[in-house]
Amino acid sequence: MNELITHSAAELAAKLAAKEVSAVEVVQAHLDRIAEVDGEVNAFLHVNTEEALAVATEVDTARAAGGAEAGRLHGLAGVPIAIKDLIVTIGQPTTAGSAMLRGWMSPYDATVIQKIRAAKMPMLGKTNLDEFAMGSSTEHSAYGPTRNPWDLDRIPGGSGGGSAAAVAAYEAPLALGTDTGGSIRQPAAVTGSVGVKPTYGGVSRYGAIAMASSLDQIGPVSRTVLDSALLHEVIGGHDPADSTSLTDPVGALAEAARTGNVAGMRIGVVRELQGEGYDAGVQQRFDESLELLRGAGAEIVEVSCPNFKYALGAYYLIMPSEASSNLAKFDGVRYGLRVLPEDAPLTIERVMGASRAAGFGDEVKRRIILGTYALSAGYYDAYYGSAQKVRTLVQRDFDAAFAQADVLISPTAPTTAFKLGEKLDDPLAMYLNDVATIPANLAGVPGISVPGGLAGGLPVGIQFLAPAREDARLYRAGAALEKLLEDKWGGPLLAQAPVLGGVK
Amino acid sequence: MTAVTDEILSFEEAMEKYDPVLGFEVHVELNTRTKMFSAAPNVFGDEPNTNVTPVCLGLPGVLPVVNKAAVEYSIKIGLALGCRIAPSCTFARKQYFYPDTPKNFQTSQYEDPIAFDGSIDIELEDGTVFTVEIERAHMEEDAGKLTHLGGATGRIQGADFSLVDYNRAGVPLVEIVTKPIVGAGSRAPELAKAYVAAIREIVKNLGVSDARMERGNVRCDANVSLMPKGSTTFGTRSETKNVNSLRSVERAVRFEIQRHAAVLESGAAVTQETRHWHEDTRTTTAGRPKSDADDYRYFPEPDLVPVVTSEEWIEELRAQLPEPPAERRKRLKDAWGYSDAEFRDVVNAGVMDSIEETIAAGATPAVARKWWMGEVSRRAKEAEVDPAELGVTPETIVELDSLISAGKINDKLARKVLEYVLAGEGTPSEVVDKHGMAVVSDDGALLEAIDAALAAQPEVAEKIRGGKLQAAGAIVGGVMKATRGQADAGRVRELIFERLGVQG
């Protein structure tokens, strides 16, 4: 155990810049931590030891050279990062958590990976996820579940349970996630970490294996709000390779996080995202956070988003519809698993069928079947068409709410981390865990989850939502709440996590 | 596949009883520099799978980006077809599993094509004009090319294995769809050919496609149905796929009319299905029934934003349109002074462009027509190629003509010279020098030959002396034979009369 791993990315960056520590030391400390605890946590599907150290060495060399070369180094150069294994990387396998892509090596880098490389942030490896990001528990991975560092018998959330657990277990200070219905924010909530879903189009999706194109968004995972802002500034911005990418500049996100002030801010409590269905302990922590924010000068207002109650239903039509189409390419013809049918005849249709039957897990098949059905002739209008109308209504609810409030607030998830296996046979119960995160994806607005305390010894997440392109507000409000709570707790929430491999 | 021989009715009988209704879907491959949604080169004939990027291979994580040039070409096609251009239009996914389609869906347009509601006048060979209404022209991407090896049919069924070349995958296509064409009667097969020829001519003239049918740049699906004479209710249609030469389009439509008529005469119903055209037997065979394969589960392409066309942009493109082919033909006919019949022959022989170029190179309209409709067409027919493809340049013809005018060669020699030019032996002048083909203009040599010919035919010499000047032809023939054609017949005639002391 090395105390280096307990530092935030911002702290590590400062130490590196001051040459108090080398990038190789930082990377090695995290690699050691992974070796030490990941057998239990299973956050990583691949550990990128050699390349991570090589990049760290480059950073150290540049810094030692001083002058212009050192001056060109990005502020986060040498700060290591873990990558959700849904994002394609040259030199490391990209599996999407699926047997379909076991060992698949991408010949190209995602745009965000190009930016990570440009910033010379050593990539520690690829993190576990629900297969093709479909799930809320990381149990639907073909490579075994990831466990919650707070309680190894519990789920770390999903689909990005690997990235959240890696950060919460000090295996990495930063990670990339993807959020289609809450896959960054819900894992952050149940692991006591921070996760941000940027405005749709704010971060290039090029190279993120698509689940639902109109909902997917890459975003940062970290232990502090400032760290997410710093990472967001690295990965954000326009990308000509993504037609849905915004042309806006990224914005001064880290500055907003450093400001961290809610005085005069109107914070809207969404009436429909609390109460029934939300654990009492979750509700309690949420109410306490509201009081703290009020005490810090925020104006707490109640807003109503009446159509949010249809959001989950609409989501479970739009997402599987797009997923059924996006996953059609996995057919064993060009790459990935190829399985020949056991009996004759050997036709291309049957090879595709056998490959998909063997390569996809149950949850993926469930969604492909749902989506295929929803898009079928005669059902399209009733299902996909109606869902898109609901989506418009949800967007209008947001518009109305943001007319009354600068940001909205809710619990990130209705419960704390549940036990492994608890909801595996009840997909609907599993889906309900995303009820508070899904509206943001339907409307394309940004959201953040910050630690809100413990209920029954397990982390609770508080979610802020902001209007599209106003991601900075999330960092301002999130950092303010983080500071208010940490002052109350006397330190970060993760300091209260049980000992794992000798480090708190 | 078992070949079923269909009964057919004679075309005349079919026409007595039924009115054909036609419809065409013509796919035009655009000759943009890169593909529809990726930066891969759009080049025909390269090594398989070399003109590909992750995007056109449909690798995990990729996203499409619309090629602006392809949109411009599509708008030009729309304008040339008299269509309205959509102020905003979207792409959709047409979903089906087939190994030539890397994503297992084709990105196409569905509800809102870029161009719609147009019409073009089609002129048949005898000058009759039909107006064909255009329903829509929409943008989409081509599929890869499959080659099925083993098996008897060359189709995927029964093949031992198949090879796929994705160089063509993602090549921009515009699909031009007509409204039902009624009232063509027995001219229907001719109209079919003329329509496809007109589309080919238009896109070639616009410079937006190489328009080579043998390379699949222009591909036609022909829909045929029959209704009893006097009825206005359309019958059930068949769709004959990929009829890829003008002659085949005419034959396929004719065959389908005869086949439908036989089915209807037998009291049976026409099956709605796709048909495959076989050039060798000049028949069609049944493909898949349309009804149960029609569910493509179209839905809006979430990875692309709408294509928005401003009025200024459209007008800018309209200003770039070249002269329409029909107007150009009228202008050329007037300028060249050809009769209706002469000009129609020129057009039908496909040598109008060649004649235009030859005139531009310095030939008179009469000389250009003499060569292109005469010797060049004759040779092209022998070689079974289009006259323009024979390799005769306008400069060659101009040079041949000036050699004749200068008396250096005669028509007969000129044809021989052309043969050597085509064999790659150089320019006409070089050939004449190299082979010593100049007309014999040395009177001494000619007189020698004349004396010999007169001596050989004394009775002819008597006749000429007696005033029967036309008898000189036999002596001229003898001289030409003796000089192997290299004499100027006019000069020989003069010398004969001089020799015999008569006035020519």
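Cβ coordinates are placed from backbone N, Cα and C, and glycine is handled just like the others.
The active site, charge relay system annotation in TrEMBL covers A:LYS84 (among others). Counting only same-chain residues six or more apart in sequence, the Cβ atoms lying under 8 angstroms from the Cβ of A:LYS84 (active site, charge relay system) belong to A:LYS126, A:THR127, A:LEU129, A:GLY160, A:GLY162, A:SER163, A:ALA175, A:LEU176, A:GLY177, A:THR178.
Annotated active site, charge relay system per TrEMBL: A:SER159 (among others), in sequence order. Taking the Cβ of A:SER159 (active site, charge relay system) as centre and 10 Å as the limit, one finds 35 other Cβ atoms among all the protein chains shown.
Around the Cβ of A:SER183 (active site, acyl-ester intermediate), the same chain contributes A:LEU129, A:ASP130, A:ALA133, A:SER136, A:GLY158, A:SER159, A:GLY160, A:GLY177, each under 8 angstroms and 6 or more positions distant in sequence. The active site, acyl-ester intermediate annotation in TrEMBL covers A:SER183.
What TrEMBL records for A:25-474 is domain 'Amidase'.
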For this session: For the domain 'Amidase' (A:25-474), provide the mean pLDDT of the predicted model.
Result: 97
Problem set entry | In three-state DSSP terms, the structure that A:SER183 (active site, acyl-ester intermediate) belongs to | coil
Seminar exercise, completed: Under a three-state DSSP reduction, the secondary structure at A:LYS84 (active site, charge relay system) is strand
